[in-house]
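A.B. asks: First the structure, which I've put down as structure tokens, then a few questions once you've had a look.
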Amino acid sequence: MKGFIKNNLKYIGIVVVVIIILLSIFRFRNILPNINPKYLRHYILRYGKFSSLVFIIIYSLRPIVLIIPASLLSIIAGNIFGSFYAFIFSMIGCFFSATLAFFLGRALGKPFVDKILKGKTLKIDSELEKRGFLIMFLMRLSFVFPYDALSYASGLTKVKYKDFIMGTILGIIPEMFIYSYIGRNLGKHTIKRIFVPIIIMIIIALLANYIYKSYKNKKR
């Protein structure tokens with residue numbers, strides 16, 4: 001028995017993860033037909049002291065349903081929890097959602113990813129496998145590449161998970177902080193508090209995209 005478990009540990013792990021995902025989706029199935037900011041906010045708040053945990057679970061499962069944008073969830077979190085806690089919870093959710101998509105892509109392969117992304121699989125820079133952390137960091141920081149599509153596509157490459165997740169987490173810090181800050185200030189009639197972070201985010205994205213393209217051109 002021990003030998004069987006040891007030899008099939010990878011597949012047992014996949015089955016366990018799939019079961020957990022299916023049970024979680026079933027538990028939160030009521031939110032899927034009603035994806036809008038007001039309903040999501042109300043749905044999360046109804047869990048009271050467990051709202052933060054529910055938010056993280058929903059955030060983590062995003063790669064499976066691909067209906068709720070990461071930006072929308074982080075903005076809603078800012079409105080519910082305030083910018084600091086929204087940032088923390090969003091980062092935790094991003095960690096789990098990126099990890100989930102990465103290993104699903106790696107374990108189940110291109111046919112599964114194509115099905116999830118409806119044939120719109122992202123083309124990954126070949127340099128990602130050589131300089132995983134740097135390329136992933138710049139790709140995340142540029143905001144140009146779809147979050148979940150990039151995670152799935154990375155799983156199809158030979159990039160190390162450590163480089164992928166470190167580049168992801170560090171690269172999304174400005175984006176998650178700004179979304180959380182915007183959410184906190186929504187409805188306060190303070191255009192400057194929303195406008196300035198958006199300008200900062202655009203500048204960061206343009207700068208990261210410029211560095212990324214310059215690096216690619218240099219390698220040619």
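Each Cβ is built from the backbone N, Cα and C atoms, and glycine gets one as well.
The structure displayed is predicted, hence computed values, not measured ones.
Sequence annotations record features per position, and here TrEMBL assigns transmembrane segment to 12-32, 53-78, 84-105, 133-152, 164-182, 194-212. The domain 'VTT' feature in TrEMBL is assigned to 68-184.
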A.B. asks: With DSSP as the yardstick, break the domain 'VTT' (68-184) down into helix, strand and coil residue counts.
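C.D. replies: Reading the DSSP string over the domain 'VTT' (68-184) gives 92 helix, 0 strand, 25 coil.
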A.B. asks: Determine which residues of the chain contact the transmembrane segment (133-152) at the Cβ level, with the cut-off under 8 Å and only residues 6 or more beyond its ends counted.
C.D. replies: 62-63, 66, 70, 94, 97-98, 100-102, 104-105, 113, 116-117, 120-122, 124-125, 127, 159, 163-164, 166-168, 170-172, 174-175, 201, 204-205, 208-209, 211-212, 215
A.B. asks: Over the domain 'VTT' (68-184), what is the model's mean pLDDT?
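C.D. replies: Here the predicted model's pLDDT, averaged over the domain 'VTT' (68-184), is 86.
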